[in-house]
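Features reported for this protein in TrEMBL:
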- 9-69: domain 'LIM zinc-binding' (DOMAIN)
- 117-177: domain 'LIM zinc-binding' (DOMAIN)
Amino acid sequence: RMPNWGGGKKCGVCQKAVYFAEEVQCEGNSFHKSCFLCMVCKKNLDSTTVAVHGEEIYCKSCYGKKYGPKGYGYGQGAGTLSTDKGESLGIRYEEGQPHRPLNPNAARMAQKVGGADGCPRCGQAVYAAEKVIGAGKSWHKSCFRCAKCGKSLESTTLADKDGEIYCKGCYAKNFGPKGFGFGQGAGALIHSQ
């Protein structure tokens, strides 16, 4: 076995040696800082913006478009219906992947899937070992996240609206009271005569 002189770990993107000063680590893999970019939009990533799928790294937006729920209102903003699955962003769907049927109504109603509840986020069956109950529905622990920022939720930290779940911060920003004085902390509401 030959010694690895001066070589360190290999970058998960370019496969060249990564030295300590330029290293970013993510889920056991090493990357050059300059290679730690979304595979689709090439945006710089950090620990708060990266979404990992196998060996691939994405920003949360591109990850959501490629692997998140599909259908009305997801990823495009309210009021738009798009059949673009991300092709405009250069996302290619690999052939030969196992077929996972998408439930177009997954977010609107949890269905029974083979005797188990269907997760409102992904439409797949939710079994007892992985079940979290929130907003009156059964979710996978891994799907029990804020629909806006992706933060993990607990039944005590969620707010729900129209069958979707949010962290309290995103809920307040998107659906809370609007106007002067809101969001400035307790006691900051100013009444003017």
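Just so you know, glycine gets a Cβ as well, placed from its N, Cα and C.
With DSSP states grouped into helix (H, G, I), strand (E, B) and coil, the domain 'LIM zinc-binding' (9-69) comes out at 14 helix, 23 strand, 24 coil. With helix defined as DSSP H, G or I and strand as E or B, the domain 'LIM zinc-binding' (117-177) counts 14 helix, 22 strand, 25 coil.
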